[in-house]
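**Student:** Below: one structure in structure tokens.
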């Protein structure tokens, strides 16, 4: 299992466009990937799940992956979030 914490910096939080980007990135991997915020955990491959969390700017979230490609998944998602200016 691999996980990483992120601090959301994008002004609009994780709304439709960033959520779609994260779901698309997570869907490339076979591992189970979850997004946790305020004690709630959702499947990062589910757009509705991600949007339902209402993650705003300044939020701290944890993304976890479990499976054969967990380390690659977390690494790629972290790179995407940083490159797109979503989190640090």
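Each residue's number is its place along the chain shown, starting with 1.
Note that Cβ sites are derived from N, Cα and C of the backbone, with glycine treated the same way.
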**Student:** Consult Swiss-Prot and report the residue, out of 46, 52, annotated as phosphoserine.
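**Tutor:** Out of 46, 52, Swiss-Prot attaches the phosphoserine annotation to 46.
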**Student:** Averaged over the whole of the domain 'HPr' (1-88), what is the pLDDT?
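**Tutor:** A mean pLDDT of 97 is what the model gives the domain 'HPr' (1-88).
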**Student:** Using the alpha carbons only, what distance in Å do you get between residue 15 (active site, pros-phosphohistidine intermediate) and residue 46 (phosphoserine) once rounded?
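**Tutor:** Between the Cα atoms of residue 15 (active site, pros-phosphohistidine intermediate) and residue 46 (phosphoserine), the distance comes to 13 Å.
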**Student:** Mind tallying the domain 'HPr' (1-88) by DSSP state, helix then strand then coil?
**Tutor:** 31 helix, 25 strand, 32 coil
